[in-house]
Amino acid sequence: MSGTNPGEADGGAADAVLIAGPTASGKSALALSLAERTGGIVINTDSMQVYRDLRIITARPTPDEEARVPHRLYGHVDADVNCSAGMWVADAAAALEEALAQNRLPIFAGGSGLYFKALTRGLSAVPPIPSQVRDDVRARLERDGAEALHAVLARRDPAAAQRLKPRDRARIARALEVVEATGRSLTDWHRDGLPPLLPPDKVRAIFLAPDREALYARIDARFGAMLAAGALEEVRALAERHLDPLLPAMKAHGVPALMRHLRGEISLEEAAEIGRADTRHYAKRQFTWFRHQLPEFRWTSPEEAEAQLSCVIPGPR
């Protein structure tokens, strides 16, 4: 696999390991294995696995797996919270400080590119906006109009709303995208950004890149396994809370389709196929995003990943 990593440092030990990759590529299992071998702490770097209500449908580590080594930032946020990248960075900073204070290797594992980017580059003054947030805001713009979104912006970012005319469609949408994606106003981002948590030359960063067809087959099989493990009941409990459908937890892959099934709109088989297709499309986007946004990550097959990490971290710390 191609790719370079500024943190390789002639085989020296890294201050932290970053394990990224598309959904269902084996990141959690690799992180668990590495943590057991090194006495490390696994730190969640996935925007959906932070939610307490969604263990099954987001493929969080099982309670047994979490008991084997310390896990942080898994299921620590309620579904009624919009956990922004800025909130995650603050939580990740505390988890990183804990790991280093205990002389444990911090192992960041997940699939959220913006979170990994924040670790080694910080959050920029004008952060990249996830396509899901952007598409949602643009759909609301078409449905409700610029003046309605301007009223929403006045509550979320009053300073930006005051600067913008109520019919300035593009700038209103941009300001609202930023505050909804990050939890910080565009005004704040223009003033300052968040610094990186880790020096890029002191980390070992890999991207698990399985064979595409094998990955898609695994995604399809895993969705069926989730249903067998109780994913529908998990989503039913979430639906009974009657939360805002625009909250991130309500849009996790598989959740909207299963909620449609619970409302009697589609069959369970149709919901499962929609969930599988959405997850496959997400995996494709993850490949593309990491290739262009974080080229310093070393791409490797899951089979080669253990050896890649063993070269840098030969034994317990």
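Along the chain as shown, the residues are counted starting at 1.
Cβ coordinates come from backbone N, Cα and C, glycine included.
The annotation ATP binding site is assigned in Swiss-Prot to Gly21, Pro22, Thr23, Ala24, Ser25, Gly26, Lys27, Ser28 on the grounds of sequence analysis. The C-beta environment of Lys27 (ATP binding site), restricted to residues of the same chain at least 6 apart in sequence and closer than 8 Å, consists of Ile19, Ala20, Gly21, Ala109, Gly110, Gly111, Leu208. Under the three-state DSSP scheme, Lys27 (ATP binding site) falls in the helix class.
Feature annotation from Swiss-Prot assigns substrate binding site to Thr23, Ala24, Ser25, Gly26, Lys27, Ser28; the stated evidence is sequence analysis. Applying an 8 A CB threshold to same-chain residues 6+ apart, the list for Ala24 (ATP binding site) reads Ala59, Leu215, Arg218, Ile219, Arg222, Thr279, Ala283.
According to Swiss-Prot, the region 'Interaction with substrate tRNA' annotation covers 46-49. As a summary of secondary structure, the region 'Interaction with substrate tRNA' (46-49) carries 0 helix, 0 strand, 4 coil according to DSSP.
Sequence-distant contacts of Ser112 (site 'Interaction with substrate tRNA'), defined as residues of its own chain at least six apart whose C-beta falls under 8 angstroms from its C-beta, comprise Thr45, Asp46, Ser47. The site 'Interaction with substrate tRNA' annotation in Swiss-Prot covers Ser112 (among others), and the record cites sequence analysis as its basis.
Among the features that Swiss-Prot reports, site 'Interaction with substrate tRNA' is placed at Arg134 (among others), with the record citing sequence analysis. The Cβ neighbour count for Arg134 (site 'Interaction with substrate tRNA'), using a 10 Å radius over every protein chain in view, is 16.
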On the region 'Interaction with substrate tRNA' (46-49), the mean of the pLDDT values is 98
Inter-residue Cα distance where the pair is Pro22 (ATP binding site) and Arg134 (site 'Interaction with substrate tRNA'), in Å
21
